[in-house]
């Protein structure tokens, strides 16, 4: 036993040790490491970032606080188109939601000259990494009270195609013209005026713009008055806007001409004659939407403006929609395919006036509520209003592209996390647009006629003038459908909209449905369709509620033949008549899934097509081609089965299946071409030439020629066939192309080339030095943007290395070729063996300049990365791409598209290793 003295000392030591441990534990960040204990104010340094002045910034999150809400902006702007700067003053009326002594809002690249509140000048702090400023108050704001803050500021007009940016063009007299325009979506209103730049902070806007004589100004609302100023300037004042998000605000100062009154189309004066088609299309589509939604367009005017130097395809600013010239203007040189493109873009942007403007997603994670619906409505409305444009095949093709992107592990859920500016930018992709539209098609096909329209009308009425989230849509639609079908008996066709559609929006990817038949019994099973070199551990946890549609040999060529079965579990059973010879699932690709029929199931379908190609609709034949190539990449079917299906195609005459087969085969050809397997490439070329010759012979019977053609499907088909045939070097094709080119050149362009054949003709001509120079000269002089785009793609197809280098740098510099066209140039250069390596080197060498022109995460940058890497199929290239992006310090390596690029290379490598020998034997 220890002595009493030893016991006392021992207890004392234990108490002392425990006390020290408690002090260490409770002091902020105090450890036994060499860092020791931090100073008293260290915890504040950890929590609060430092502003640009070195003071602590009083907010700690990238999203703005909810302590105040804007009600109204009074904005005065004066752009100087000589110095390329602008001055501004904004008074923001806010209501306090809670007590606060700090107001935090957004501002980027501005010099705040003065901030005032109730006659007093206030201090403003800035935290640039989060693009925020903080106004510090002497007294707390009281909840429910309104207050007005005024900020005077100045800034440079942006040179990066977002915010309030400067643009220029050269007119027919050779004079350089300048203008200023806006592009605020998603996060760039803060570059034009201090604001609460988040979609949920809706407010009204009263805008005044000072301008020089010789210019006009436009904004979201009608101009109410113009006041001459003593300085010689004019001040235009616009009516106060409706309640809307900051990213929808827009203004333009330019020299433009217009046609129309309540609906108007604007363009530079030299191109006013190209505005009439867009005006007619917009008026008709607006009338259709007014009727379909049951809610009238709420503004008193609608302007559509063609901007000469514009990066986005178009932007749905409320009442002032902006476009690239190529997506709005139609001239004498334009083809029916050009009209299809322009009509599609107009239809998309007009749909946004309801989906996005009237009802806005609460945050960018639900961007699909805007873009998915607008994409769906553009195709649906054109099918109703302009059936002659045959938009269905184009929609089918875009849905195939969305499947391809969503099959990768780098994809994301339709409703996904988007916190940083880069993550927000990356939401603008085919998942938000085309997959979003595809799942709406699928839901509509599973509902009784008319219910889908009733549901979206109820959704618009419930959330108009406000914001919504993903679940709001499904809940509203579900309540409408339940009310409509309150006496419906629960069957295998019954489903809960909220439960079913949540499985499609809250998890990434899509299902592979495997069909196994045993006489009249059919077993259905689902798993995630995932193209990945290594399967992720959570792949088995994915489960969808799938509205499976199917047809059979007894009835297959109309929607009345369609049957519905809801697969809610991993497996399901279906009973059919014993007399059924074959089943085809996913009628007209209305569902967003891939189907594997097994060896026997594929054989019966292939035999049926060999006996009668019309036993299935063209869309269903295209679906089979798409699915079997996808299953080959997944390793579920052998490439021999793919070739067995393609045997039927010698009897095919429709655009959808032929173009899908060409897309898939040319992807394989380009992979072989880039690997420099010269013997196999040569044999593949011979086979493709024979295939094209067969198609051309078949279509000669359909009177498809090199003359003018009005049918969209025939234009689509012949342009695909002739472009590929000429590219493969078929002499007859090249001779006819050069004949048309020479006639066009000798007539100084008055002898028109059919618009759908321009790319084929110009690409052949661009292979010679003289033809290339002629095209470049014509490109600089042409006023027709559809023609210029085809010239540009032809110029980029040259095998001449010096010309490739020149055109890439010209696109980046933006002098001879506008910079927004650079992604198109890169994509065209990469189609050819001579150019793709130079394009990849160009991207590596000019990465910093590229990210200055195109923000990290932007669709343009995504396109450039995928164009330059998607045809690599060797370990050497995989390592090179990984090493390049891993060394970047600007956050680029965190982009989803980088993961997508490396996944694609791995899959290309794996496919080639598995199938090259099969190709050798087959060819």
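Every residue gets a Cβ built from N, Cα and C, even glycine.
What TrEMBL says about this one:
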- 349: active site, proton acceptor (ACT_SITE)
- 348, 352, 371: Zn(2+) binding site (BINDING)
- 69-248: domain 'Aminopeptidase N-like N-terminal' (DOMAIN)
- 277-504: domain 'Peptidase M1 membrane alanine aminopeptidase' (DOMAIN)
- 582-906: domain 'ERAP1-like C-terminal' (DOMAIN)
- 433: site 'Transition state stabilizer' (SITE)
- 7-27: transmembrane segment (TRANSMEM)
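Each residue in 316, 349, 351, 355, 356, 370, 373, 374, 375, 377, 378, 433 lies on the same chain as 348, 352, 371 and has a C-beta within 8 Å of the C-beta centroid of that Zn(2+) site, without being one of the site residues. Cα-Cα distance from residue 433 (site 'Transition state stabilizer') to residue 348 (Zn(2+) binding site): 11 Å (rounded to the nearest whole number).
Within the model, the domain 'Aminopeptidase N-like N-terminal' (69-248) carries an average pLDDT of 96. The Cβ of residue 433 (site 'Transition state stabilizer') has 23 other Cβ atoms within 10 Å, all protein chains considered. Within the same chain, the residues at least 6 positions away from residue 371 (Zn(2+) binding site) whose Cβ sits under 8 Å from its Cβ are 356, 428, 432, 433, 436, listed in sequence order. Residue 352 (Zn(2+) binding site): 24 other CB atoms within 10 A of its CB, across all protein chains. Long-range Cβ proximity for residue 348 (Zn(2+) binding site), meaning a same-chain Cβ under 8 A and a gap of 6 or more residues, is found for 314, 374, 375, 377, 378.
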